[in-house]
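Structure, as structure tokens:
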Amino acid sequence: METPKLSVEAIEKGTVIDHIPAGRGLTILRQFKLLHYGNAVTVGFNLPSKTQGSKDIIKIKGVCLDDKAADRLALFAPEAVVNTIDNFKVVQKRHLNLPDEIAEVFRCPNTNCAGHGEPVKSRFYVKKHNGQTRLKCHYCEKTYSRDSVAEA
């Protein structure tokens, strides 16, 4: 019997973000500044997946994401699973929930908004509309696509 082969090396302790839609791994690395922890980060792109066809995966050695950070990931990869690893074993498996509100992560794309350039904490209300994630700014009350806000 053939031993299963891992496409991406296992980690002893840290976080694995699995079942990221193929092509979104790099966006998550950038948006969540996962390279700034100073720890080893392993990324797999377009790996085979039984449920998705192909997927991306991110492994961060020595870093455990809290529930708030994990739920922020739902904006970019709602079907992703965040696994906490200890001694090479999954000790916690979290399925993501889209948060109702997100603060201090994105800047409002509206250049006339207080949330764009003023020293205030950005705040958006998160809604699903026709299968799309939409964010409504607390200050200017304009609604934007997730990608518009992420690029601002």
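The first residue you see is number 1, and the count goes up from there.
From the backbone N, Cα and C atoms, a Cβ is placed for every residue, glycine too.
As annotated by Swiss-Prot, Zn(2+) binding site applies to C108, C113, C137, C140, with the evidence given as sequence analysis.
Counting only same-chain residues at least 6 apart in sequence, those with a Cβ under 8 Å from the Cβ of C140 (Zn(2+) binding site) are C108, N110, N112, C113, A114, G115. In sequence order, C108, N110, C113, G115, S122, R123, F124, T143, Y144 constitute the residues six or more apart from C137 (Zn(2+) binding site) in its chain with CB-CB distances below 8 Å.
Taking the mean position of the Cβ atoms of C108, C113, C137, C140 as the Zn(2+) site, the remaining same-chain residues with a Cβ inside 8 Å of that point are P109, N110, N112, A114, G115, H116, H138, Y139, E141, K142. Neighbour counts of Cβ atoms within 10 Å were taken for the binding-site residues C108, C113; the minimum is at C113. Under the DSSP three-state reduction, C113 (Zn(2+) binding site) is assigned to coil, being neither helix nor strand.
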